[in-house]
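A quick write-up on the structure given underneath.
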Amino acid sequence: MKIYRAPKDSHKGQNGKLLVIGGSELFHAAAFWTADVASRIVDLVHFSSPAMENNDLMRVKAKEKFWNGILVPWEGIEDYIREDDCVVIGPGMTRSQETKLIVNRLLEKYPSKKWVIDGGVLQEMDRELLNEHMIVTPHLGEFKMLFGDANIEAMAEKYKCTILLKGVEDTVCNVHKCVKIAGGNEGMTKGGTGDVLAGLVGALYCKNDAFTAAKVGSEINKQAGDRLYQRVGPYFNATDLVNEIPVVMKEL
């Protein structure tokens, strides 16, 4: 499956602009992993968090090592939703009434935006807001909280969305087709690896269709984890995965 490649004569901004909305006072690093991996792929990454404590932490991180993203104020978030190609929402956000209000308001207001929905947001969103522009990336527990005991193919068809169900074997479904993606290992149970996947899928979705972004994102993520496993066994973390993904992408 072919993915978008930046033309040699392209200019800044033409190869994808991604907005990451996430983080909380409890989960500080999650959205940073999401934004960090995306910065290897798209031209511009914007980050904002409804938790001001998290924004303060991200500013410190930006000064230390995150040179390829822009921190934007929460009060101006909708300007960037309109401007950017895709929005990843949810990494590091907690289950709360605030999260529920934020996600449902934004999804309802911007139904035609490309969305990748992950993390705590999956447990708080109104599934009736799902549509063909949205990718959801649940693990099995989150899938059941969102859809109950329903079949993944049936839910993709009913809500017209793309579902990337994470597991030992990932499943990617949209209204037309489903595929299984093998690979991965026990090292990928570490905290943060799902946040990396969300950023990877979001970055790909900026310039590709939803099914391609979800399928290829899953494949790349698993291949990166398997390459790390060959070198160090299960003793790697989310940052190692972020650094390995560009190596895999170069060889696609």
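Placement of Cβ uses the backbone N, Cα and C atoms for every residue, glycine included.
Automatic prediction, not curation, is the source of TrEMBL annotations.
Model confidence over the domain 'YjeF C-terminal' (1-252) is summarised by a mean pLDDT of 93. Look at TrEMBL and you will find 1-252 tagged as domain 'YjeF C-terminal'.
Annotated (6S)-NADPHX binding site per TrEMBL: Ala30, Gly92, His139, Asp195, in sequence order. Taking a C-beta cut-off of under 8 angstroms and a sequence separation of 6 or more, His139 ((6S)-NADPHX binding site) has the following same-chain neighbours: Leu165, Lys166, Gly167, Gly194. When secondary structure is read from DSSP and collapsed to three states, His139 ((6S)-NADPHX binding site) falls in the strand class.
Other C-beta atoms found within 10 angstroms of the C-beta of Gly194 (AMP binding site) number 24, with every protein chain shown included. Annotation source TrEMBL lists AMP binding site at Gly194.
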By a simple count, how many Cβ atoms lie within 10 Å of the Cβ of Asp195 ((6S)-NADPHX binding site), its own Cβ left out?
32
List the other residues in this chain whose Cβ sits within 8 Å of the Cβ centroid of the (6S)-NADPHX site residues Ala30, Gly92, His139, Asp195, in sequence order.
Gly22, Phe27, Ala31, Trp33, Thr34, Gly90, Pro91, Asp118, Gly119, Gly191, Gly192, Gly194, Ala198
Under DSSP, is Gly92 ((6S)-NADPHX binding site) part of a helix or a strand, or is it coil?
coil
